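Visitor: Heads up, here are the entries from Swiss-Prot:
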BINDING   C452  heme binding site
TOPO_DOM  1-9  topological domain 'Cytoplasmic'
TOPO_DOM  31-505  topological domain 'Lumenal'
TRANSMEM  10-30  transmembrane segment
Amino acid sequence: MEPSWLQELMAHPFLLLILLCMSLLLFQVIRLYQRRRWMIRALHLFPAPPAHWFYGHKEFYPVKEFEVYHKLMEKYPCAVPLWVGPFTMFFSVHDPDYAKILLKRQDPKSAVSHKILESWVGRGLVTLDGSKWKKHRQIVKPGFNISILKIFITMMSESVRMMLNKWEEHIAQNSRLELFQHVSLMTLDSIMKCAFSHQGSIQLDSTLDSYLKAVFNLSKISNQRMNNFLHHNDLVFKFSSQGQIFSKFNQELHQFTEKVIQDRKESLKDKLKQDTTQKRRWDFLDILLSAKSENTKDFSEADLQAEVKTFMFAGHDTTSSAISWILYCLAKYPEHQQRCRDEIRELLGDGSSITWEHLSQMPYTTMCIKECLRLYAPVVNISRLLDKPITFPDGRSLPAGITVFINIWALHHNPYFWEDPQVFNPLRFSRENSEKIHPYAFIPFSAGLRNCIGQHFAIIECKVAVALTLLRFKLAPDHSRPPQPVRQVVLKSKNGIHVFAKKVC
């Protein structure tokens, strides 16, 4: 009796394995194809530009991303579906009424962006959802109350002055500056002093250069991964050349944050041994360590690591982006720069002292800062995965399961809500004009239930940096190297942000 085809197959396990793999692959392709058809049906009320069947709208990313948004908003006023590859779609929202409904809900972060950011930042406030997010936010909230923020102003001022001292040395040889490099080091110095009680100046000893390099590369690779649908798969990404580089920098980041935590634990042990009665200011890291010691079940070592990573990253990278673009705008528009300088000089004199009370007494400078944040919002978009259906004000609906991007850049440049959106006009934010702005048309720090917990910290640092910088330097743009905005988790420039600096007489 001849063996059956099944017996023949069983006699060749390698062939059986190949058949099994092909069957699983076919099953996955069918599943993805069915999901694609479901998404197309779900989005039939929302027209979109033609997409390649395999690459999707890849031609929009990343170089032409911001140019394309302007064209899309004219043709698709509220929102537009954008495809990344054949099976991944992001529903990009640029209408404030749409954004308002979305940001008042409690939908979780989108699966793809959540996974990519979590792979190096960890499960902290930026990536958490639900009850755990609420718990963590409650834990860190005391670190951002008004009394704490007032103390931070002195430390921020020290860091800014240190940066400006370095500028004086630099421009003696070369008046050209690349802002992001200098400002990033300054904001890291500031967050390390304010949140982690770091002694000394990072700007002088350059001990954190490796950390800055790691964050820069991890941000860049994360954005590239987001735009490459093949790299959405963890296994494919892990064995890619980018995945190998990512792993190296991620390890460096982890080692650094671990050292920050361990150093503080050792410092606290030493203080206990010395039985010192001298009171020390509690900082952000103290709050986290206290939460861990009091409730190890709800706040683990991994949670501690994640929040340290989150606040080191968010506390310096987003703020350095904001300050760099603000200084660039003021360099580009000298009449506004001079008006800010006059206002600050009248308020602060030589700038030897800047206090909490001063920050509310610079209205024109504040308007300029807001207009810069409108034009160059540090965070380009916010992602959500709809966990229940939604109906928008115009009657169109989406089912649960759709990934939504609230496109902050596009919201801030939407010609239906901003007159001449590309024009730098600080008077948009004057007292009388502010009342006319849709509350969800300007959201540089998000809005609604999950707004940025550190937004007041960021605004204070922006004001301190701008005030002290303009008192000492006149800035002018380097027209030979105009910046090229690019999204790398936060908004940066592909070729840096170059200006000329001249000492104020």
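Even glycines carry a Cβ here, placed using N, Cα and C.
So that I understand the layout, could you describe where these features sit and how close they are to other parts?
Guide: For C452 (heme binding site), the same-chain residues lying six or more positions away in sequence with a CB closer than 8 A to its CB are A314, F445, S446, A458.
On the 0 to 100 pLDDT scale, the topological domain 'Lumenal' (31-505) averages 90 in this prediction.
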Visitor: Sort C452 (heme binding site) into helix, strand or coil using the DSSP assignment.
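Guide: Once the DSSP labels are grouped into three classes, C452 (heme binding site) ends up as coil.
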